[in-house]
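So that you can see what the record holds, here are the features copied from TrEMBL:
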{"type": "BINDING", "residues": "20-29, Asn111, 138-139, Arg215, Asp253, Asn366", "note": "substrate binding site"}
{"type": "ACT_SITE", "residues": "Glu175", "note": "active site"}
{"type": "ACT_SITE", "residues": "His251", "note": "active site"}
{"type": "ACT_SITE", "residues": "Cys372", "note": "active site, nucleophile"}
Amino acid sequence: MSTATEANFDGLVGPTHNYSGLSFGNVASLSNSAQASNPKAAAKQGLTKMKALADMGFVQGVLAPHERPHIPTLRRLGFSGGDAQILQQAAKQAPKLLAAVSSASCMWTANAATVSPSGDTNDKRVHFTPANLVNKFHRSIEHETTGAILRATFNDERYFAHHFALPSVDQFGDEGAANHTRFCDGHGEQGVEFFVYGMEAFNTNTPRPAVFPARHTLEASQAVARRHGLSPDQVVYAQQNPAVIDAGVFHNDVIAVGHRNVHFYHQEAFLDTAKMRDDLLAAWGDRDSTLHFIEVPSAEVSVQDSIQSYLFNSQLLSRGDNDMLLIVPGECENNPAVWAYLNRLVAGSSPINEVKVFDLKQSMSNGGGPACLRLRIALTEAERQAINPATLINDSLFERLNYWVDTHYRDQLYEKDLADPMLLIESRNALDELTKILRLGNVYEFQR
Ligand code: SUG
């Protein structure tokens, strides 16, 4: 039996978590704009999920939040003087810029990078490409620090290869693992990498959404597959249905999730569902297990209910061969159609046998469910041993991080508070201490 496993690395919610309505095309972000946030509760909700997975025996890691408000970006945009002065000028002249450089959006680590496990790559190392997130200004400033944190977490080049982000232009719009799934028999074996894109950038004569942006391009995915050294016959591309992007499905992980030999998706998720299935089956070939397609019909769960509940932004976890658990947000339990569907699903004959519900309301109000909060990394035992051990959740790290949150985080934040120079100082103090807890070294600009 292979000892390879799939680790989940969740983003720790940062001290400036707030609702600023920054993500056009993301229904929750737009509708909760200007609400009060609770950064302390947000961080604790995330930590509770991490601890629960660790307690169930899954390898669970944590990725540190970024320095926010990001003063170096404000300087780049022409604000000058001391830090307090810069915050004050930005709040007065360009409050939306201040909100953008203050977002705690790096918490959604499904967007941190695309990861190809060593079973798929030609040099047999795990490859990481941080996502350029170019479609949203507040997210486009994440990739450098993301790269530094990934290098400090997976810091052994015998096992881990780190790339820079793709060029930061729309044609190479890359949203990372939110649009990437890997199907496999066992985590250490050759898998099929499935890339989902919103549009073709260079071939403009192709379908694309009309209302909301397609954040991710085919060309970006092809470039990632090339640089990760993937075998072309083990890569499948599929286009998202432009109509669901226009309905608010800004990432494919809002409408589909896959794990090992299961693809769980909505009937309307893809532009050409039959082709998606044929292509995956062709790449799957004659592996030992069957590739299961669990297609949820619109008649049972509408696209609207999928977006409202985040049914598909769930975590599919293997407890054994053909025995899976689905982690869903509380919003699923509160949606009658979705909850009825889930009850039928676990009672049926699919490999999904249990559903567990987590309260992630703070993140959900910005459009981030359980699956957004985690980056999956399939690892062999030797690779797992090579991870920076201080980033892996166990009882003592969980206690320590909870205490750290209690010490440094506020329990209420409005957009107007982002100009408070004390918030900047509190955040820097918190992150400085965190880099010591997680043994990351100096990954932030303010530390250099
Ligand atoms: O990029 N929301 C994030 C949510 C990302 C969810 N990730 C996945 N589906 N994988 C986004 O739209 C909102 C921030 C604000 O409005 O304050 C935000 O960035």
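Glycine residues also receive a Cβ, built from the backbone N, Cα and C atoms like all the rest.
Annotations in TrEMBL come from automatic prediction, not curation.
Positions of TrEMBL features highlighted on the structure.
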residue	record	DSSP (3 states)
Ser20	substrate binding site	coil
Asn26	substrate binding site	coil
Asn111	substrate binding site	helix
Arg139	substrate binding site	helix
Glu175	active site	coil
His251	active site	coil
Cys372	active site, nucleophile	coil
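Within the same chain, residues at least six positions away from Leu22 (substrate binding site) with a Cβ under 8 Å of its Cβ are Ser29, Lys96, Ala99, Ala100, Ser103, Ser105, Lys136, His138. Among the recorded positions Asn111, Arg139, Glu175, Asp253, the ones whose Cα is located within 10 Å of the Cα of Cys372 (active site, nucleophile) are Asn111, Asp253. Shown are the recorded positions Ala28, Cys372; of these, the residue with the fewest other Cβ atoms within 10 Å is Ala28.
Taking each Cβ in turn and tallying the other Cβ atoms within 10 Å, the top scorer among the binding-site residues Ser20, Asn26, Asn111 is Asn111. Fewest other C-beta atoms within 10 angstroms, among the recorded positions Arg139, His251, are seen around Arg139. Spatially, by CA atoms, the binding-site residues Asn26, Ala28, Asn111, Arg139 include one closest to Glu175 (active site), and that is Asn111. Checking the recorded positions Ser20, Phe24, Ala28, Glu175 against ligand 1, the ones whose Cβ sits under 6 Å from it are Ser20.
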